[in-house]
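As given in TrEMBL:
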- 30-45: compositional bias 'Pro residues' (COMPBIAS)
- 65-79: compositional bias 'Low complexity' (COMPBIAS)
- 147-355: domain 'CWH43-like N-terminal' (DOMAIN)
- 1-88: region 'Disordered' (REGION)
- 105-132: region 'Disordered' (REGION)
- 146-169: transmembrane segment (TRANSMEM)
- 205-226: transmembrane segment (TRANSMEM)
- 238-260: transmembrane segment (TRANSMEM)
- 272-290: transmembrane segment (TRANSMEM)
- 302-322: transmembrane segment (TRANSMEM)
- 334-351: transmembrane segment (TRANSMEM)
Amino acid sequence: MRAQIWGGAGLARGTQEGAAASEDGEDAARPPPPLLGVCLPPPLLISPLRERRRQPGAPSPFVSGAGEAPAAARGGRQPQTPPLPRGEALLPACPVLLPPPIALPPPASSRRCNSTRDPRARPTPRRLRAPLPSQLFGMDGKKCSVWMFLPLVLTLFTSAGLWIVYFIAVEDNNIIPLNVLDRKEGPQKPPYISIAGDAPPASCVFSQVMNMAAFLALVVAVLRFIQLKPKVLNPWLNVSGLVALCLASFGMTLLGNFQLSNDEEIHNVGTSLTFGFGTLACWIQSALTLKINLKNEGRKAGIPRVVLSAAITLCVVLYFILMSQKFHMHAARIQWGMVMCFLCYFGSFAVEFRHYRFEIICSEYQENFLSFSESLSEASEYQTDQV
């Protein structure tokens, strides 16, 4: 069955034309032109069994009073609608269905390129830019804090200073080089770090290096404590890490200021504090790293720290075992490897420090407490320095 679409305005126009044609004696129906852009309800589907056809000459139910007034004024005759062909139904006002948009053909330039392109030709490789070092590590140099360089300075400065002490001691024939397999008879001693920095001028460099390393390690420990303080739920673990790093830093000062030949007991106490509490601090910081997960980098920084902590623990155990068995050359190599692992561990704090900025605020001290209004009036007199 074929349905004829009538728009609201088109139906009124067709009614007026039908009335004029009936007055002139013409019964031909003129279909209304389609209207574009009319937003009306969706078309209704009428079943052929339930549709009711209007008889020719019956008034149209869709003609408003505005369309009836002129006809009544002319003679009182009701407007007639054109008869519908057999099998057709009159639908309510519905939108005109527009055809779907037609896809435009590609530009002539692209068709020309595609037509002249050889299908067997290989595509031109794109030029790849070498990634920046900051992009390799997922860091943006503009957004990184300057405090990230503090752990790196600690690692590089201390390692360079210790190796300078080692080469000075080797040049003075005070210790045996590390690459020698077995110890030979002679005045040279095993290449322990304490023995390398026992005699001047290496002892002077060793003392300065250990004092600076202890100070930088203490600063890193305090900043790490401040960084994790608002994040941890149980503060005892964070406090334990701070205390362990402080004791390890204090042991480093004992190592550098009391040489082995001058005061062996204090020197050994410093060695125990540095290696013992340093190992404990490494495990505590590894647990805090995995637990807190700063900036969703807990696994990236925590897993390497766990590996370094395990390596340090293994080196400490092997160091004391080899020393008790008089394998001094192997014990000295283990000691150097253990110290390098410690320094690498401290350098890993740059991963978290690059996201934070630490400030030191200095304000004038007042003995008497001021009210809120007085504090606001005198706020301009306070001087604040930020680092």
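Every residue gets a Cβ built from N, Cα and C, even glycine.
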In the same chain, residues at least 6 away from the ends of the transmembrane segment (146-169) whose Cβ sits under 8 Å of its Cβ atoms read 175, 178, 191, 193, 195-197, 199, 201-202, 205-206, 208-209, 212-213, 216-217, 219-220, 223, 339-340, 343-344, 346-351, 353-354, 356-358
Excluding the flanking five residues on each side, which residues at least 6 beyond the ends of the transmembrane segment (238-260) place their CB within less than 8 Å of a CB in that stretch?
194-195, 197-198, 203, 206-211, 213-215, 217-218, 220-222, 224-225, 228-229, 232, 266-267, 269-275, 277-278, 280-281, 284-285, 288
Intrachain residues whose Cβ lies under 8 Å of the transmembrane segment (272-290), provided they are six or more past its termini:
221, 224, 228, 232, 237-238, 240-241, 244-245, 247-248, 250-252, 254-255, 298-299, 301-302, 305-306, 308-309, 312-313, 316, 319, 338, 342, 345, 352
